[in-house]
């Protein structure tokens, strides 16, 4: 796979996703379809964890400064719809590509993040109930647990991406790692700037 194709991974993935959906049993029947499944899986996961989830984190951490009464709804919309739907699709494509074989580190971490994501959704529902009831006497334990579990799952997902690149990229190429590093570095820069500007707001 050429560096140009890798650089346009997200664009090319939509064709692969369509082919995979039209040929649900083809992953085990030919290298081309397997490759398309892996590309679609990688592109969707990159979209979720390198674009949408960081945005959801920013919304949860800082947007109360800008939209005090609606930040929670924005966070839920970002995480459950913008991230949740492509995340489920990407997870399904991964299973279609390799089967239900959760043996290597990439698969195990991916399954852990997937299960944790929906456990986070349950905790978010409890938080929403508390918000609607104007719950203030004492912050329940699951509020803080939701915050810290979310951070842990996000870090696991970020760590799992280069593991997946290493596992499935053939022949090896440094370009995906460079793009990954640049995007993560940019988000870190944005978070540092926001923390300095709004962290104590």
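Numbering starts at 1 and runs along the chain as it is shown here.
Note that Cβ sites are derived from N, Cα and C of the backbone, with glycine treated the same way.
What TrEMBL lists as domain 'Cytochrome b561' is 1-201. Mean pLDDT of the predicted structure over the domain 'Cytochrome b561' (1-201): 81.
What TrEMBL records for 1-20 is signal peptide.
The feature transmembrane segment is assigned by TrEMBL to 36-64 (among others).
TrEMBL lists 76-95 (among others) with the feature transmembrane segment.
The list of residues near the transmembrane segment (107-127) in space but at least 6 beyond its ends in sequence, with Cβ under 8 angstroms from a Cβ of it, reads 72, 76, 79-80, 84, 87, 91, 94, 98, 101, 140, 142-143, 145-146, 149-150, 152-153, 156-157, 159-160, 163-164. For 107-127 (among others), the entry in TrEMBL reads transmembrane segment.
The transmembrane segment feature in TrEMBL is assigned to 148-168 (among others).
Summarising the annotation, TrEMBL assigns transmembrane segment to 174-194 (among others).
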